[in-house]
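Undergrad: Would you mind keeping the following structure in view while I ask a few things?
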Amino acid sequence: MTTMAKKSLQLGRAVEWPHTPEEAQLDRVPNPQKGTDYLVRFTVPEFTSLCPVTGQPDFAHLMIDYAPGPWLLESKSLKLYIASFRNHGAFHEDCTVMIGKRIASEIKPKWLRIGGYWYPRGGIPIDVFWQTGRVPKGLWVPEQGVAPYRGRG
């Protein structure tokens, strides 16, 4: 697990882009509001990965919501982690769930969900959803607001 004590933060310094999701470092920082329940949302409107069969690019709009525990996810490290999927071959379901699980394992949130809204390939859009468990009582969680794919219909 990445902590500020074990590895230095990538924030504020030049770092190389990671070549694979496994190589990418996710950083966390202490949550100064750890006694308060609140929601953090990351929107990734231009996620890309590769189809593991054809090597063709796949595109998605990702929404990551989490209720922080003792740690916050540092956004520059998230950007680098997301970019590491650009040449990674995996199915939509695997990419979406892998991202959610990796973030959850690194920052230990009270709750986390990810929505992967994948653009059509072969005429079929695929939406993938994963979460760690039940939403904490009293937490305001807005809808992700990504409309179902309609094409010209």
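The backbone N, Cα and C atoms fix where each Cβ goes, and this holds for glycine too.
Heads up, here are the entries from Swiss-Prot:
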type	residues	note
ACT_SITE	CYS51	active site, thioimide intermediate
ACT_SITE	ASP58	active site, proton donor
BINDING	LEU73, GLU74, SER75, HIS92, GLU93	substrate binding site
Undergrad: At a 10 A cut-off on CB-CB distances, which of the recorded positions CYS51, LEU73 has the highest count?
TA: LEU73
Undergrad: If you pair up every Cα among LEU73, GLU74, SER75, HIS92, GLU93, the residues annotated as binding substrate, what's the maximum separation in angstrom, rounded to an integer?
TA: 24
Undergrad: Output, ordered by sequence, the same-chain residues six or more apart from GLU74 (substrate binding site) with a CB under 8 Å from its CB, or 'none'.
TA: LEU9, GLN10, LEU11, LEU26, ASP27, ARG28, VAL29
Undergrad: Just name the winner among ASP58, GLU93 (the recorded positions) by count of other CB atoms within 10 A of its CB.
TA: ASP58
Undergrad: Here the binding-site residues are SER75, HIS92; which one has the lowest number of other Cβ atoms no more than 10 Å from its Cβ?
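TA: Looking at the binding-site residues SER75, HIS92, the Cβ with the fewest others within 10 Å is that of SER75.
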Undergrad: What's the CA to CA span in angstrom from the residue listed as 'active site, thioimide intermediate' over to ASP58 (active site, proton donor)?
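TA: The separation of the Cα atoms works out to 6 Å.
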Undergrad: Roughly how many angstrom lie between the C-alpha atoms of the residue listed as 'active site, proton donor' and LEU73 (substrate binding site)?
TA: 25
Undergrad: By the DSSP assignment reduced to helix, strand and coil, which category contains GLU93 (substrate binding site)?
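TA: In the DSSP reduction, GLU93 (substrate binding site) maps to helix.
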